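Peer 1: The active site, proton acceptor annotation in TrEMBL covers His201. Sequence annotations record features per position, and here TrEMBL assigns NAD(+) binding site to Gly31, Ala32, Ala33, Gly34, Gly35, Ile36, Gly37, Asp57, Asn118, Ile141, Ser142, Asn143, Met250. Here TrEMBL flags Arg105, Arg111, Asn143, Arg177 as substrate binding site. According to TrEMBL, the feature domain 'Lactate/malate dehydrogenase N-terminal' maps to 26-169. Taken from TrEMBL, the feature domain 'Lactate/malate dehydrogenase C-terminal' applies to 171-337.
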Amino acid sequence: MFVTTRSIASTAKRAFSTSAVSNAAKVAVLGAAGGIGQSLSLLLKQNPNISDLALYDIVNTPGVAADISHINTNSKVTGYVPENNGLAKALEGSNVVVIPAGVPRKPGMTRDDLFNTNASIVQGLADACAQYCPTAHILIISNPVNSTVPIVAETFKARGVYDPKRLFGVTSLDVVRASRFVSEVKGGDPKDIHITVVGGHSGVTIVPLLSQSGKSFTQEELDALTHRIQFGGDEVVKAKDGKGSATLSMAFAGARFANSVLEATVGGKRGIVEPTFVESPVFADQGVEFFATNVELGANGVEKIHPLGKLSAYEEKLVEAALPELKKNIAKGKSFVASKQ
Ligand SMILES: NC(=O)c1ccc[n+]([C@@H]2O[C@H](COP(=O)([O-])OP(=O)(O)OC[C@H]3O[C@@H](n4cnc5c(N)ncnc54)[C@H](O)[C@@H]3O)[C@@H](O)[C@H]2O)c1
Ligand SMILES: O=C(O)C[C@H](O)C(=O)O
């Protein structure tokens, strides 16, 4: 169902003609009525690089879209639900698709416990993206990211449209948390504290490289900060006490990552580097096909995958612990898609 009566054809045309900036884009949010989806859509409405914001969910998007559409920025907001081919209409002409659809954790659950529900949701949405916007940049927030990203890759491969440069697992929240948590211990403005976080997005697969921050830490600080960055999500899950996981900080981190992708792709800006979980050569020789490191973004998405850089002995051990878990998570995502074919 449309919130406005405009046809999808006119939506697509407008995406490149009547915005405040000449290179403005269409962005679709799938899962837009959820905790992350609503706040993320609110932040994206303030982004001048976006001319069309298409909000899709299985419920409630007409209301969310009507509400956000009153904000006085240039972008046009449309809301879609599955009826009347809503998903196809939301996706057609999209330059970027952000996916926070799926269930969040409750206390006592791991992200992998979400697999049974979220794998099918993500696969279904990925299959629609492969059909209706095969060249869009796909940003995956839905957990478990270590498995949902390979699910999207395999789904795109099955349709013959996979481009590894255009698929990103969003790990920005780990980096946002790391700079905040380090500032709490060491002082300073978190915006000036840059912590590289590599690996994946769950527990021991989240590997902060504190030795590269230019700051010095006692062993006690290293242990405490590393644990807090790896398990920061649990703090929010526990505090929300059964009402979900991080939504507001995730929306902030997701909007920042989406903006970087837009600036590099449709905006033509060069030299933007973001941490993200992508198909990567860094540990491919050890059978780990996807890995998060800093990635330079370019016109076609992934431009250059940065290496790990120099690691301390402590960090080498963290990476060693992350690799088998990552390998298992990636294999689980791939075999899920294979089992459906
Ligand atoms: N990558 C990260 O760093 C990160 C951070 C926080 C949360 N997450 C994950 O993001 C996901 C969403 O979290 P949330 O708190 O927003 O959950 P939520 O339950 O508040 O919202 C999820 C939304 O997805 C929608 N949805 C379900 N199936 C759908 C489908 N087939 N198509 C479209 N929409 C569908 C639901 O209707 C709901 O509105 C969870 O899997 C969570 O674990 C990831
Ligand atoms: O912890 C979660 O389940 C949500 C998210 O992955 C997070 O890191 O906050």
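Here, residue 1 is simply the first one shown, and the rest follow in order.
Cβ from N, Cα, C; glycine included.
Because TrEMBL annotations are produced automatically, they should be read as predictions rather than curated entries.
Here the structure is a predicted model, which means the values were calculated and not measured.
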Peer 1: Quick one: pull the CA-CA distance for Met250 (NAD(+) binding site) versus Arg177 (substrate binding site), whole Å only.
Peer 2: 10
Peer 1: What binding-site residues in Gly31, Ala33, Arg105, Arg111, Asn143, Arg177 place CB under 6 Å from ligand 2?
Peer 2: Arg105, Arg111, Asn143
Peer 1: When the Cα of Asn143 (substrate binding site) is compared with the Cα of each of the binding-site residues Gly31, Ala33, Gly37, Asn118, which one is closest?
Peer 2: Asn118
Peer 1: Across the domain 'Lactate/malate dehydrogenase C-terminal' (171-337), what does the mean pLDDT come to, as a whole number?
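Peer 2: Result for the domain 'Lactate/malate dehydrogenase C-terminal' (171-337): average pLDDT 97.
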Peer 1: Say we define neighbours as other CB atoms within 10 Å of the CB. Which of the binding-site residues Ser142, Asn143 has the fewest?
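Peer 2: Result for the binding-site residues Ser142, Asn143: minimum number of other Cβ atoms within 10 Å at Asn143.
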Peer 1: Between the Cα atoms of Arg111 (substrate binding site) and Ser142 (NAD(+) binding site), find the distance and write it as a whole number of Å.
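Peer 2: Counting only the Cα atoms, the answer is 10 Å.
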Peer 1: So, by DSSP, how many helix, strand and coil residues make up the domain 'Lactate/malate dehydrogenase N-terminal' (26-169)?
Peer 2: 66 helix, 28 strand, 50 coil
Peer 1: Using only C-alpha positions, which one of Ala33, Gly35, Arg177 is spatially nearest His201 (active site, proton acceptor)? These are the binding-site residues in the record.
Peer 2: Arg177
Peer 1: Return the residues near Arg105 (substrate binding site) by Cβ distance under 8 Å, restricted to its own chain and a separation of at least 6 in sequence.
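Peer 2: Result: Arg111, Asp113, Leu114, Asn143, Gly233, Val237, Gly244, Ser245.
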